[in-house]
Amino acid sequence: MPKEQDLANRPDNTAFTQQRLPAWQPILSAGIVIPGFVLIGLAFIGIGVALFLTSRSIQVQEFDYTGVDTTSSCYMCSSTNVPNCVCYVNFTLTTKFQGMVYFYYALSNYFQSHRKFGASRDYYQLSGDTTYFTAPLDVCIPFQYANTTPIVPCGLSANSLFNDTFKLYQIVNGTTKLVPFDGRGIAWWSDYNIKYQNPKVTPLKDAFKGTAKPVNWPKPAYELDTTDPSNNGFVNQDFLVWMRRAALPNFWKLYRRITDPDYVGGLPAGNYSIEITYNYPVISFNGKKRVVLSNVSWMGGRNPFLGIAYLVVGSLCIVMSIVMLIVYAKFKFPDDV
Amino acid sequence: MLRECQWRKEMAEKWSWMLAPWTRCWSWRGNGVGQEDDRHVRANDREYNDKFSYADNHIKTSKYNVITFLPMNLFEQFQRVANAYFLVLVILQVIPEISSLPWVTTTVPLVLVLVITAVKDATDDYFRYKSDQQVNNRQSLVLRGSLQNEKWMHVRVGDIIKLENNQFVAADILLLSSSEPHGLCYIETAELDGETNLKVRQALTVTSDLDADIAKLADFNGEVICEPPNNKLDKFKGTLYWRGNKYPLDNEKMLLRGCVLRNTDWCFGMVIFAGLQTKLMQNCGRTTLKRTSIDKLMNTLVLWIFGFLVCMGVILAIGNTIWEQKVGRSFRDYLPWDSTISNNNAVFSGFLTFWSYIIILNTVVPISLYVSVEVIRLGHSYFINWDRKMYYGPKDTPAEARTTTLNEELGQVEFIFSDKTGTLTQNIMVFNKCSINGKTYGDVYDEFGHKVEITEKTTCVDFSFNHLSDGKFRFHDSSLVEAIKMEEPSVQEFFRLLALCHTVMSEEKNEGDLVYQAQSPDEGALVSAARNFGFVFRSRTPETITLYEMGAAVTYQLLVILDFSNVRKRMSVIVRNPAGQIKLYCKGADTIIFDRLDPSNEDLMDTTSEHLNEFAGEGLRTLALAYKVLDRGLFEEWMRRLLLASTVMENREEGLAALYEEIETGLMLLGATAVEDKLQEGVPETIACLSLANIKIWVLTGDKLETAMNIGYSCNMLRDDMDEVFIISGHTAGEVQEQLRSAREHILGLSRVGSDVGLEKTEMLSDDSVFEETIIAEYALIINGHSLAHALEPELEQMLLETACLCKTVICCRVTPMQKAQVVQLVKTNKMAVTLAIGDGANDVSMIKTAHIGVGISGQEGMQAVLASDYSFAQFRFLQRLLLVHGRWSYFRMCNFLFYFFYKNFAFTLVHFWFGFFCAFSAQTVYDQWFITLFNIVYTSLPVLAMGLFDQDVNEANSHRYPSLYRSGQLHLLFNKRQFFLCTFQGIMTSFLLFFIPYGASSLGVRDDGLDISDYQSFAITIATSLVIVVSVQIGLDTYYWTAVNHLFVWGSLATYFAILLALQSDGLYLIFPSQFRFIGSARSCLAQWSVWLVTLLTTVMCVMPGIAVRFLKSELRPTVTDKVRSLQKAISKQSPRELNLRRVRRTSSRRSAYAFSHQQGYGELITSGKNMKVSTAAPSPSIHSPGWVQNGTGLLENGMKRKDACFVPSEHSGTWEGMERTEQVPETICSGSKGTQQTLIDSRGNSNGDI
């Protein structure tokens, strides 16, 4: 045997250098794959049934009020250009609307997902940094300056703020009873508390000195909700809901919750009327406007897709496992002998 | 200084597959300044020499300095297509109109890649700089009026420098004078060509007279006019003009930079070439860049991806145009057109959108791909370097991956071209058996008279009776020693012959410590054998040989050496023993000797012939020995005629040959020797295993046909049960063509008959080269050098190739280095197959460089093959491990890596495409910009790297046991265009599901507290999370071998994803950079929702399940070899692996083996002239024994040289003398020696006649 120093170049004998690291070497064998598919299939069918039933149990009432149809009460509002035009949607609940009821407005064919809606806003402004009040970011173009006055809040997103308003009335024995809406808690906690902030200036109005309101807005940001300072300016919840941009061209946005003690168990069966202040034009681009009443479950709102998808995938897994079993039996066993 | 070269090679290969015009600049620089026609150098005349602005002796192989590093390195890096592409993207991203992604998303990965590369380049360069510094600062004695110490870098062309013993030569210098007589000096050229034997250089007589006289040297004003700098190490042409005379200069007078002065106290030389213009540096020229087929495929695919990217961009741009026309036009109340668009039209918007999409879809061309590939290859190279099973203990030589770019190609080799000597064989000859006077010796029998297999443990014969014996000599048959001790005359004569008839030189440093310097290993073995059996060759002078015969010194007068030649196939010596008897001893090929025997020998001849057959059957190399007692008168008469014949200018050789022929008749047969040409360990097994892996092995050797065939048999490449062994040995193109054609027809004709049997096989392997596969019969083709020269002509080469590929075994013998390269090139260009060349010597360099992969056998004397190679290790048998284990794994890993990498990037990127239809084709990204930035470099890089580094489909034992696993690499099965389409398809499908499942689920999504989560940010997080999980699960499925590292990386990456996700969307970061971290709070809000997790689960299962099902069904319905072996491996993992029985079966062949002469002609003269006897050289008066010398000092040797130069075919040799460089160096040594003593020779001519 050569001496130790003669082996100066001998590589180290470690599991790593010799590629002998202990390892788990799984194989997709029939014993794992087929039962695996069956298990996953069964689990998915289970989840699918649960989801499907849950989704079915969620009540949704949806009413189009775009006013394209001449019979619609909103036809007048949509065809003329009267500001604050009021129209009504009447409906009847045959059964009680269970649980807390959420009131949404929905837009379709509305491309809030367009890149510019996302880009065209100034986060510094919206987080209350007044230096950007006088000089909004360039991304806000073409709503950066109104002539030479800086726009606050600037940009496309803010400018296109949805400005229809709704009121819900219950018609009890021919008399209309306002169902009170709760406008709080409709925006994300993080948006309301962190992301959007008013400038630390009181009164708020002073911070907006020397700025212009967005072109489409009837009133400036500091007058969005004059009744409640905590819902005014950039932390106005309707504004926050709008600014959280929809991913797809058809979307719902939460308008109000019904938390009134009278309706805490839900909306009783009966006749209802929604009073709509119609401001937001959508007909020009074939958009649709709807109002939606819905309750929710542990899995959120009504969504038949997920349940069905789970059922389908689960069944496919079962079918596949059967196919694989047949193949395995047919081709594998003769080989093994 | 080798390092200097190596650096440049490495540099060149690094990133070589990307465009690197920079390297062109480099080689231009290396080539020196401008076009130099002739070089004029005047000694000691700086002003004159400075006119030409020759390169000084400062060497700079480093590329950068501190200031230039950044700009130069960046410039260099941006010349790579990929980097340039990403730079363009960054520029695009800065343009606000089309910037769909903030510039950071591309910049961060790009900077990362640039930094990693730059750090690597910088370290490399620093080490280069250090070694440059070290070399430049070496001290040298320069004559500037007086001798002064100067740093090497200050040495200039035209300077006279003094070198001392064991110093490196600082530049290419012309030797002027030296301490040794005749201006001789000795150098070692290990750094140049790797050879450690000393070479002789000799100064011109006129300059050697300058001696060490400083004043004379300082006055020396000779002017050298010579060739411009070039890289030919063995050629130099120039003329010295001095004192009105012209003296021709050649390579014999040059000391090249990199050599070391040995055995010479001092010498003076004049610098001719300095620095980068020295031959050494000129030789560091870049080797041709080797790229693997995967590399080429990868580049094609990247181009296709570019095309695909553009298509996507165009589709989406058209979509955008249409959308702007149909919808956007009326949506302008809320989304007014940019001023740029509104003035023009929607088409312009589409145009901008195109660029925007190019930006966001750029991730299909993965920036980290190239870096990852490099890292993986580097890792694989380290695994090769670290492999203990490729480490050779006796020589302390580990395997070395000298390039890091070719690893996966090792898994695709189809042709191996192997050198024979030193590669397949050890080039060690062992005296194994002999037949003396009709009795064989060498076999060992047990008490029952059965032959015993000789192993390491068999007891050796005790040679202690002989104090001059060589301890390393092993012989097992004691009966021979007994015979010697019995003083049997024939046995004594047998060994006396072996001790006398040879050209070995002896060296005795201490009493009894004899070292033989044999120029062929066969002879060394025979003389050593004689030494151990008591006939010790102790020393020789030009005219005597001193033996110690059984302890007593006997001096023989050496009268003539009848030298060996290819034609004669024998050599003889004529000696006069102390008793005054003149004897001729002859050894040579049996057929030749038998023809010249005295008729009385017939019986003995028959027995000996039988013994020879027996020896040959065992693969031994044989020689027959004979002697003859000469009559004094006849001999003197003959001698006189010999002298006369050697003075004749015309047909001298023929005349001499005839005279030799005349005296070598009527010989008395003594017996025969059998020498074993030892194969390297495990060669037959390795060859058998490799051919089971469907690798075709061609042996290209400079050896003789017989020797080559012999080795072919002993390493199982040729077998007696082969259907036919074709030997092509035509002398004209026509003959060769005819022979090739008939061989081909023979094979094809037979195969047609047998095609029914082959049918099944054909169907099974219905891929490429079906026809070749159908040939079941085994053929071998052996072709010699002459025929090969014809066969390699353009009109015949196709036929050669076809015929050769039909044969199982191909052996080319008597091949020149150039032909080796040509054969490799032929296969390389025509067969579309990966070729590997393996060799150990300088003669293999050309083929090593030509083949896709070059492997050098290291740990031996020569270094040239290793330096030119891509991989090196000490033993041929390691090739099996290199290919079947490392190569296969590398290929497997690389393919899996690429498959997964492309899949991952397509799945990741194409989600944007689907989203395009729902975001008005506005180039809105699906993901957060940070996710895009980090996905490839953080979230998914490490698991795939771990897979690329550690994965093993089948363990190493099974890789060896089932060589057919190797097939998939040769057929490019694991990654090819089809696989690429599959992985892109899988990627596209995954992206489709990744987009549309969340789309279906969350289009009107509402949280469990009624808040809507159909917003963009929730959508993005849902998809991103699903994506990360899907690709992680997929890598889990693709990983066969889960080491702890894999676990760490996979789980770690997932954890990192969530950690970073929450961190980037935390309140703190937003408050600092509101517009960079807009996703604040989204993850918290989303990931708390059941529905999001349900969507993720559904997406994951839907993306992954089909893949599993397909893979399972595939492995059940059409299992690949890998599948089978893997399940087998799983099943029998507890059982111990069974031995693979590939042991060589000893063949029982009747074939006559090669005779053991691997000699080079011309050595006889050298000995009798005494030129190569160092100390005693000058003094003793040369005698008449060398007929050629007396009248014409260099005549015979020059002829010898001319022969070598003219045909360049390495002539009779097998051992150390094989090959171009070496072949040439032999005569060099001889000549310089001879000229050195020429004067002495002529002076003493008169005396010499009186000797006889």
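Just so you know, glycine gets a Cβ as well, placed from its N, Cα and C.
Here TrEMBL flags B:41-106 as domain 'P-type ATPase N-terminal'. The predicted model assigns the domain 'P-type ATPase N-terminal' (B:41-106) a mean pLDDT of 83.
Residues or ranges marked as transmembrane segment in TrEMBL: B:78-95 (among others).
Positions annotated as transmembrane segment by TrEMBL: B:101-119 (among others). For the transmembrane segment (B:101-119), same-chain residues at least 6 beyond its ends with a Cβ under 8 Å from one of its own Cβ atoms are 15, 69, 73-74, 77, 83, 86-87, 89-90, 93-94, 359-360, 362, 367-368, 370-371, 925, 929, 932-934, 936-937, 1076.
The transmembrane segment feature in TrEMBL is assigned to B:301-323 (among others). Only residues 6 or more beyond the boundaries of the transmembrane segment (B:301-323), in the same chain, are considered here, and those with a CB under 8 A from a CB of the stretch are 82, 346-347, 349-351, 353-355, 357-358, 361-362, 364-365, 369, 902, 910, 913, 916-917, 920-923, 977, 980, 984.
Outside the transmembrane segment (B:354-373), and at least 6 residues removed from its termini, the chain residues within Cβ reach (under 8 Å) are 18, 80, 82, 85-86, 89, 92-93, 95, 98-101, 106, 109-110, 113, 116-117, 298, 302, 305-306, 308-310, 312-314, 316-317, 894, 897-898, 901-902, 905-906, 908-910, 912-913, 916, 922-923, 925, 932, 935-937, 941, 944-945, 948. Per TrEMBL, the feature transmembrane segment maps to B:354-373 (among others).
Here TrEMBL flags B:Asp419 as active site, 4-aspartylphosphate intermediate. Annotation for B:Asp419 (active site, 4-aspartylphosphate intermediate): spatial neighbours B:Val699, B:Leu700, B:Thr701, B:Lys820, B:Ile838, B:Gly839, B:Asp840, B:Gly841, B:Asn843, B:Asp844, B:Met847, criterion Cβ-Cβ under 8 Å with sequence separation of six or more.
Feature annotation from TrEMBL assigns Mg(2+) binding site to B:Asp419, B:Thr421, B:Asp840, B:Asp844. Summarising the environment of B:Asp844 (Mg(2+) binding site), the number of other Cβ atoms within 10 Å of its Cβ, over all protein chains shown, is 37.
For B:Asp419, B:Lys420, B:Thr421, B:Glu523, B:Phe564, B:Lys587, B:Arg621, B:Thr701, B:Gly702, B:Asp703, B:Arg814, B:Lys820, B:Asn843, B:Asp844, the entry in TrEMBL reads ATP binding site.
What TrEMBL lists as domain 'P-type ATPase C-terminal' is B:866-1120.
The transmembrane segment annotation in TrEMBL covers B:897-923 (among others).
What TrEMBL records for B:929-950 (among others) is transmembrane segment. Within the same chain, residues 101-102, 104-105, 108-109, 112, 360, 363, 366-368, 372, 375-376, 379-380, 893-894, 896-897, 900-901, 904-905, 908, 1020, 1024, 1027-1028, 1031-1032, 1035, 1038-1039, 1041, 1043, 1045-1046, 1049-1050, 1052-1053, 1056-1057, 1060-1061, 1064, 1077, 1079 sit at least 6 positions outside the transmembrane segment (B:929-950) and bring their C-beta atoms closer than 8 Å to a C-beta of that stretch.
Residues annotated as transmembrane segment in TrEMBL: B:980-999 (among others).
The annotation transmembrane segment is assigned in TrEMBL to B:1019-1037 (among others).
Remote same-chain partners of the transmembrane segment (B:1049-1073), defined as residues 6 or more beyond its termini with a Cβ less than 8 Å from a stretch Cβ, comprise 928, 930-931, 934, 938-940, 942-943, 945-946, 1021, 1024-1025, 1028-1029, 1032, 1035-1036, 1039, 1079-1084. Per TrEMBL, transmembrane segment is recorded for B:1049-1073 (among others).
Marked as transmembrane segment by TrEMBL: B:1093-1113 (among others).
The region 'Disordered' annotation in TrEMBL covers B:1231-1252.
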Integer Cα-Cα distance in angstrom, B:Gly702 (ATP binding site) to B:Thr421 (Mg(2+) binding site): 9
Secondary structure tally of the domain 'P-type ATPase N-terminal' (B:41-106) (DSSP, helix then strand then coil): 34 helix, 2 strand, 30 coil
Three-state secondary structure, B:Arg621 (ATP binding site) (per DSSP): strand
Leading contact stretch, B:897-923, B:980-999, B:1093-1113 vs the transmembrane segment (B:1019-1037) - CB distance under 8 Å: B:1093-1113
Among the ATP-binding set B:Asp419, B:Lys420, B:Thr421, B:Glu523, B:Phe564, B:Lys587, B:Arg621, B:Thr701, B:Gly702, B:Asp703, B:Arg814, B:Lys820, B:Asn843, B:Asp844, as the record gives it, the longest Cα-Cα distance in Å: 32
Binding-site residues compared (B:Arg814, B:Asn843) - highest count of Cβ atoms within 10 Å: B:Asn843
Length of the line joining the Cα atoms of B:Phe564 (ATP binding site) and B:Thr421 (Mg(2+) binding site), in Å: 21
Integer Å distance between the CA atoms belonging to B:Thr421 (Mg(2+) binding site) and B:Arg814 (ATP binding site): 12
Rounded to the nearest Å - Cα separation of B:Thr421 (Mg(2+) binding site) and B:Arg621 (ATP binding site): 14
